[in-house]
Amino acid sequence: MAAAALLRRSPAARALLSPALSSRLVASKPHSSSPAPPPPPSKAGANTKTFSIYRWDPDSPSTKPHLKDYKVDLSDCGPMVLDVLLKIKNEQDPSLTFRRSCREGICGSCAMNIDGDNGLACLTKISSASSASTISPLPHMFVIKDLVVDMTNFYNQYKSVEPWLKRKDAPPQPGKEIPQTKADRAKLDGMYECILCACCSTSCPSYWWNPEEYLGPAALLHANRWIQDSRDQFTKERLDSINDEFKLYRCHTIKNCTHACPKGLNPAKHIDTIKKLQLEA
């Protein structure tokens, strides 16, 4: 300790000191033995948010569809809306029903309407607004229970565009892939990423008005995905099959679909591409 006192008084002594001794003296500096004070306790309800969730049970026909409020402590919850729904189901109301699977924006299962916008619950952050958040099913769809909607018509429309490779000739090399150039492969970008969550179609007023005749943004995006595929040999037949005043031309370029897509795709752009191809055919 005498050496340490000398160092504090004499800059010359500090300059002559070896690095090893200097490091030992620095390391020997006493530390406070008193523990750090604990953080102040949070106020009760300081981080509590209300969620108004659509409820309807077909097994209770006397109870009409309604919004039910749940208060959730966000200090003990993940950042996404799906975290809130899971917390409510696990801790408050096990009867709350919704679809979910991957929790990574890949499967499209947890599509719903959150504060007026369609989106995936697993990718939508909890609103920082102090007002209550409203969670409801995808709009203008038949509700099976709570936040679960009937996707039958949506999938039938997807199936109707025959979303698979169709060829008239045998592959150049039987049993092997059909090659594509990088440029041809790039034409599929912005279409193959669709996860069929139905956020786009159920945000479209034209789809609300004509859900059985109009194919909707998702199905038409997939139609164009195969129209643009250089390996497919049924381009004309695909264009002819959707050249209809309802199937295709019921799109009025409102572009709600582009705003709603949780994957950042642009269905309106690809519908416009199909319309231009119809004029050129």
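We count from 1, first residue shown onward.
Even glycines carry a Cβ here, placed using N, Cα and C.
The [4Fe-4S] cluster site recorded in Swiss-Prot includes Cys194, Cys197, Cys200, and the single candidate from Cys122, Cys261 that the record places there is Cys261.
Within 10 Å of the C-beta of Cys107 ([2Fe-2S] cluster binding site) there are 17 other C-beta atoms, taking all protein chains into account. In the predicted model, the domain '2Fe-2S ferredoxin-type' (49-141) shows an average pLDDT of 97. Of the chain residues outside the [4Fe-4S] cluster site list Cys194, Cys197, Cys200, Cys261, Gly108, Ile195, Leu196, Ala198, Cys199, Ser201, Pro217, Ala218, Leu221, Cys257, Ala260, Pro262, Lys263, Leu265, Pro267 have their Cβ within 8 Å of the site's Cβ mean position. Straight-line distance linking the Cα atoms of Cys107 ([2Fe-2S] cluster binding site) and Cys261 ([4Fe-4S] cluster binding site), rounded to a whole number, equals 14 Å.
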